[in-house]
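K.L.:
If you scroll down you'll find the structure; I have some questions about it.
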Amino acid sequence: MVPVAVTACVAAALGISGRPRLILVAAAGWLLASMIAARRKGWLVVVTALVGLSVLVTSGMRDHIVHGMGVAELADEGAMVTVTGRVTVEPRTFDGNGSGGPMVMITLAVSRVATEDRVIRQSTQVVVMATGLRSAAAAKLSVGEQIEVRGLLTPPREGRSEAAVMKLRSPPKVVAPAGPLDRAVNRFRAGLVRAVARCPDGQRAIVPSLVVGDTAAVSEEMSEDFRVTALTHLMAVSGANLASTTALLWWIGAWCGMRRRGLRVLSVIGVVGFVAVCRAEASVVRAAAMGAVAMAATGVSFDRRGGVRTLAVAVAGLMLVDPWLVRSVGFWLSACATAGILWWARPWTTAMAWAPTWLAAAVTVPWAAQLATQPVVTWMAGTVSTTGLVANLAAAPFVPLASALGMTAGLVAFIWPPLAVPLGRLAGWCVQPIIWIAHLGAKAPAGLLTWPAGGTALVVLGGLCLGLALITPAVLARPWLTVVAGVAVVAATVVRPPVPGWPGAWQVAICDVGQGSAALVRAGPRAAVVVDTGPDPDRLGRCLDDLDVNQVPMVVLSHYHGDHIDGLDVIRDHGPTTTVVVSQLASPEWAAKRVTQVATQMGAQVLVAHPGQVMTVGTASLTLFGGIHLVDADESEEEPAVENNSSVIVKATVEGLRVLLPGDAELGEQRHVLADHADLSSDVLVVPHHGSAHQDDDFWAATGASVAVISAGKANPFGHPSHKAISLAKKMGMQVHRTDEESTVLLARSGGTVLVQTRS
């Protein structure tokens, strides 16, 4: 059945690719293959081809309906519309890309879309983005409510399942309350949040996240700790959550005297309830399917081949239900982890017969999952977590108990809220060790190693994982070898191995700081000027350490948005810093005051940038443009245009390499700098505003750059980089590099050639 699952995935990918000719060729090929195989009685080929054909046809039709008709056509036109729909997911609040104001994202199941001259009735999804004063009203919406919103439609990012993205222009209006089931689920989830409300911050955030996937209270710092230690799956709905919930139901059922048939019925009820409580999103359905497969495969009638067959059927079914899952990293992580556990965990546990069964399972299950998922994780993040196995092993005993207590607290809160509080406190105590494990693991010197995300490197990594899987039974069968291997794993988190050829003779580095910007301009052997500091001190600190920079004599902050200034604190560890250069527009005011406070603590003076100013620091020369208070009436009110258009634009020159760093300059400032006849000629352009759609062709052309670098976070909610920015770079003949795909980008010049180095 594995070929069936693989074929279903390929068919889903083709079906949503938007390439009709390719779809027709594939359909004809599978139809022909099924006919030939039927004559030869090759029934496996027949089934495989027919499954592929079915998934291809259904996914292709759905993609055409979603992205080629009705609402999608209005999005292509940029139409102003009034939308009526049902809220399907809790509103999610983001920091507004550092603008100082929050941004709220709502997902609507749309039933009606109206323009001034027509009405479209279509069942599809639209993502609504609310900023400014409208975000407060949007954040208060509840799942299940029917609302009416008015705004501007734009096309979604390629590969998304929604038909359009709407920029809200007026506060949402509730036209009908949530139904009984949605109200019950909302009450359950709210009861769980109230049950842990008196717990410390970390516990209050992780318990709802672990139990029902509610990450609203999870801080960026905590999220990063869990990411580094490969514990991110504990902050999202996963098959492990379902297993814990079902185990609790089994225990209750057995205590009540239920036999096997009754327990199976109870399990089905548990799965349905789990999906309802965690919301029937694609990720939840995927997690439920994988969790159900894992539980089924642990039954007495299943061997590992039977388990993999069941997994293959589940994967094929998911492709029929939601073909867009094929582009979901979460889906591939779940599928690979489940496959690894099914194929390896039981024989490895048997090999470790000298240890108690619970200990053997605690070692083999996370190890199997990590080996199976590591190539996918590295392809996604360009990293290998050396702390992952140790962290998952240490956290494993606390996860089922915390999940069970959290789920019980939510159920009890539904009936009698005061009794849920002590249960919530117990669940909080259970997750506290997990928080400690994540925090300590994230601080390990070699806890997260960078690995190239290119094809050859991933093949090598996959071969290494397979090799480790082959020798694992022999190691686990011998206690002394197991101990030695354990010591080696722990040592790997402490000792960072050197990477040949990295970092080399770089002159400018565009650091991977997630959804933000930070650049290092080399000023000496171990010194650099930092231009913007990104949103996360830890990520900037890792970039500085990775490039062996221990002196930062100057910092330039393009403007006062959090994704450009929040990493400033880490500069204290790389001083002394004598100067912090800032924009003339001190807005948001609270952010400007914070920068001044941190600069004072570092003993640095704050200088306001002036257009045309030239500053020399060691081997680096910085020419400043823009940075003035500029208002452009053409800019959309939805964009923090005033602050973005007051960005200090830096032209950095190091040993002949010229790199233009324009901050978040949008159309207004780009045109203003051009009108001032500024010398923008550069070898490299760091794309303004993380590759937003607000780009001026003439500004780009004036740079004459041959390389464009985009600093953006992977899967960020802002759609950066935009298709327009990438297309513009290609139109200008620029070689494009992205930190969200390649991690840190190093730049140097040799003769007349710009050298670009990444780890991929």
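One is the number of the first residue shown, and numbering goes on along the chain from there.
Heads up, the Cβ atoms here are built off N, Cα and C, so glycines get one too.
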K.L.:
From the ranges 10-31, 120-141, 230-251, pick the one that TrEMBL records as transmembrane segment.
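P.N.:
Residues 230-251 are the ones TrEMBL records as transmembrane segment.
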K.L.:
Give the range, chosen from 263-280, 425-442, that TrEMBL lists as transmembrane segment.
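P.N.:
Checking TrEMBL against the ranges 263-280, 425-442, the transmembrane segment one is 263-280.
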K.L.:
Which sequence positions outside the transmembrane segment (448-471), separated from its termini by at least 6 residues, show Cβ-Cβ distances below 8 Å to it?
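P.N.:
Those are 228, 344, 368, 371-372, 374-375, 378-387, 442, 496-497, 499, 542, 546, 741-743, 758-760, in sequence order.
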K.L.:
With a Cβ cut-off under 8 Å, give me the same-chain residues at least six positions beyond the ends of the transmembrane segment (351-369) that come close to it.
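P.N.:
Here the qualifying positions are 337, 340-341, 343-345, 388-389, 392-393, 396-397, 469, 472-474, 476-477, 479, 482.
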